[in-house]
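Worksheet for the structure shown next.
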Amino acid sequence: MSKPLPLVTRQGDRIVIVNGLRTPFAKQATAYHGVPAVDLGKIVVSELLARSGISSELIDQLVFGQVVQMPEAPNIAREIVLGTGMSVHTDAYSVSRACATSFQAVANVAESIIAGSVDIAIAGGADSSSVLPIGVSKALARTLVDANKARSLSQKLKLFSRLRLRDLLPVAPAVAEYSTGLRMGDTAEQMAKTYGISREDQDALALRSHQLAAEAWQQGWLHDEVMTAYIPPYREAIIEDNNIRKDSTLAQYAKLRPAFDRQHGSVTAANSTPLTDGAAAVLMMSESKAKALGLPPLGYLRSFAFSAIDVWQDMLLGPSYATPLALDRAGITLADLTLIDMHEAFAAQTLANLKMFASDTFAREKLGRSQAIGEVDMSKFNVLGGSIAYGHPFAATGARMITQTLNELRRRGGGLGLTTACAAGGLGAAMILEVE
């Protein structure tokens, strides 16, 4: 174990998360059809400020992320500041780390607080899979640029005459990795085969996720952290996540065909997280600032770590690389954790990471450690369900997990929690949270 790395300011203040909030998450082209991510971000930040009871003038900075970016609003963070009545002097910038984007936003805010450059800030993310940047072909794009420089109508017509019919077709956003051409689901399939993750085990984890998420909603455990959303034309309220299958069965899951490897695969729509719309944010500040404002902490950020690995194989093992670092920096072990929350991009990816957590061979050969961090106690794992059930608005998932874990730790009387996620590009994130 390496030496602990305390997350404190020069005055010894810890990093406080005062509050966290998210919109209900909705499957693509359902409740938020036509609502761009920037509007979802404005909705959640406005409500977070209202619930926190502090003046927006006190917010020094807003760090926000969006993975599927819209060309007309490339800096979503600044647009949220300008669209929510916050001070125009509030600093704002956007970040992107694929599925770990709001983890990055939280880390950036923490570093700014530690450096003393800000006292109070908001971190979060929003994504819409329903409002997408539909592009044009490279041939048409080049022609449009050239036509803009053409001096006469005849020159423009000559340029356009070279185009073929297929060049005029719209181009949807890529779903594959830019560097490899592999889809995330392809990597999930590879990991399932490499690590012997059966279809039955994947379906069982997916069912567990939906059952626990349904129970969390039924018991009212999520009501304080999920706002009611109203969107144009304001005819009805959006109250709950709409992806959770409250009465599904393994028999139903077993009927689905593989989604990626049609002949020999095991990854299906049921044991994968769906395309989702939503937003989430957290309010952060130094411990002394929270005390001065009379704001009780929801919890503390104890440590964080990011990792980067190969993209050709095992690209979704980021949690297995980032988690040991976060544990070391917090000065704790896996056994010290009260809760463990791992992003469920795919059941196969989740189960593969759990295997690597417990693998001494992986620890020695990949991490250079003498032994594994340990086997996960499933009674601590994703106790309210995970992304397979809730959905995955890419940039919002980290903030959802952080808020959900802190609230559940508080409900249980305190303790330490791990939140961790894989991300496209072979990236990983892990954070240790504490509730007293």
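Any Cβ shown, glycine's included, is placed from N, Cα and C.
Cys99 (active site, acyl-thioester intermediate) falls within a strand segment according to DSSP. Residues near Cys99 (active site, acyl-thioester intermediate) in space but far in sequence (CB under 8 A, at least 6 apart, same chain), listed by position: Val67, His343, Ala345, His392, Phe394, Thr397, Gly398, Ala421, Cys422, Ala423, Ala424. According to Swiss-Prot, the feature active site, acyl-thioester intermediate maps to Cys99.
In this structure, His392 (active site, proton acceptor) is part of a beta strand by DSSP. What Swiss-Prot records for His392 (among others) is active site, proton acceptor.
As annotated by Swiss-Prot, active site, proton acceptor applies to Cys422 (among others). Cys422 (active site, proton acceptor) falls within a strand when secondary structure is assigned with DSSP.
Counting neighbouring Cβ atoms within 10 Å of each of the active-site residues (His392, Cys422), the lowest count belongs to His392.
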